[in-house]
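As annotated by TrEMBL, transmembrane segment applies to 6-28, 40-59, 79-99, 111-132, 204-228, 269-288. The domain 'Palmitoyltransferase DHHC' annotation in TrEMBL covers 159-306.
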Amino acid sequence: MAVQWPLVVHGVVTLLVVVSFLCGRWPIFRGTFVEKIHYFITYGAYDYFLRFVVAAFGSRGRNCFLTVENYCCERPNPILQIFYLVILGVTYFIIGKSSFRYIPGFYVSEFHWYTGMLAVGVGVLLFLLTSFSDPGTVTTENVSKYVSAYPYDDIIYMEKECSTCKILKPARSKHCGICNRCVARFDHHCGWMNNCIGEKNTRYFMAFLLWHFLICLYGALVLGLILAGQLKEHKIIYILTAYYGIEHSFSSLSPHVVQWLLGSYNTQILLIMFLAIISLLLAGFFGYHAHLCLTNTTTNETFKWQDYISWKRKLNEAKASAAALKAGIQTLNEEAKAPESKWRAFFRRSPLQNDDVIVKNNLYDQGLISNICEIIFPLSQRKSFFHRKST
């Protein structure tokens, strides 16, 4: 039983950190310790670490740390790419060393030797495609075609020049400060890929997320089948019921089965937990980006729409306040008149109430099928793109 507590604590702490980091700003967690952990992870830890560096190494140490931070976070670098390859390689190595000797097994055939290697190989291929493919760089040669392909909606995109590239910025494009280039249909800069995600490589990025979700799910499932096979081969259920007199029911057997698995196959249990957590994260991330693709929206545009709606709401509130103030002044200046019925005054609409509904009018949402086709077959790689002219 001594092995169980570290595993339980590890799982609980990992789950708490992941939930706090991803969901700490949700309204349901407002004022709770989850929100405090989220703040500590995203802001507090960095501030305390910087203070520690200054106290321990002085201003020179702080400047050195900020230089390294600038290189890691503000410049193109392969650190996270190398980290991804290390995680993938180490995980595959641990799985191979600890579990491949059980293949073939009672529930797992030798076929999985090859499917595992093939799955990892395809994952690396998608990683390379996303990392080193052109995201859709806007240049002086193709800017007029991109301007024609993506019209300005005059809401979140208006005609203007990029202050860095000194060329016209097509709608849906953005200048990436890390890559130092304008990218068509810009979604975000991905540090794991050391590349921008844009018009041309969003399809590879989505395939990468989906495939790695499936790899993690597949790995956790195969490891689970290996453990089930070991239970069967060692006749653990039979021994527990026949020799130890334990009732043949799930509630009675499960504690003893779990104890045996944790004592004999703790590496496989840790791997299953790790793969399950990663698969959940990837599923959430893929689901979010799939929703964006299906509505023909980008991550960059979601922030733009949030800013626009917030500005529009404040503008409407200011107009309503001005109207209420004007109505109040007019009431004071009016001559005395018969008192208004209390019931009529109760149901009268307040000038502060605003009936204007703020609508997100996405010009680029052309329907489900067209949106999917635009991801799989980018506009710049269609024949019609090369015949476009700037209007």
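Even glycines carry a Cβ here, placed using N, Cα and C.
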*Annotated stretches the transmembrane segment (269-288) and the transmembrane segment (6-28) touching (3 or more Cβ pairs under 8 Å)*: yes
*Tell me the residue counts in helix, strand and coil for the domain 'Palmitoyltransferase DHHC' (159-306), as DSSP assigns them.*
91 helix, 14 strand, 43 coil
